[in-house]
Amino acid sequence: MGSSSFLVLMVSLVLVTLVAVEGVKEGIEKAGVCPADNVRCFKSDPPQCHTDQDCLGERKCCYLHCGFKCVIPVKELEEGGNKDEDVSRPYPEPGWEAKCPGSSSTRCPQK
């Protein structure tokens, strides 16, 4: 095998490797989930991104407010809700209890 054949083989291997690595990069999804979008759109905005890799830093490519944009993701919810914020709890914070009007006690007298 001559040196020119060896050079062609090496260049081909490098190109195939670069293309394969680039394909893998595009499939990588950044951590977190896209924030909820409750906006009703009459017209979509042009996309600012197509994949998470189009966005800088921790930002993800999400459909938000009528178009794809790079936004800061929210934490993923664990099964049963997020430990930091349980929206299913009827009270504003753990340990909160209703107080009787004009009393510091949590027990109200029965009528």
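Every residue, even glycine, has its Cβ placed from backbone N, Cα and C.
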Bonded to Cys34 via a disulfide in Swiss-Prot, from among Cys55, Cys61, Cys62, is Cys62
Can you tell which of Cys41, Cys49 is bonded to Cys61 by a disulfide, based on Swiss-Prot?
Cys49
Correct disulfide partner for Cys66 among Cys41, Cys55, Cys70, by Swiss-Prot, is Cys41
Of the cysteines Cys55, Cys100, which is paired with Cys70 in the disulfide recorded by Swiss-Prot?
Cys55
Among the disulfide-bonded residues listed here, Cys41, Cys49, Cys61, Cys70, whose Cβ has the fewest other Cβ atoms inside 10 Å?
Cys41
Cβ neighbour count within 10 Å of Cys66 (disulfide bond):
14
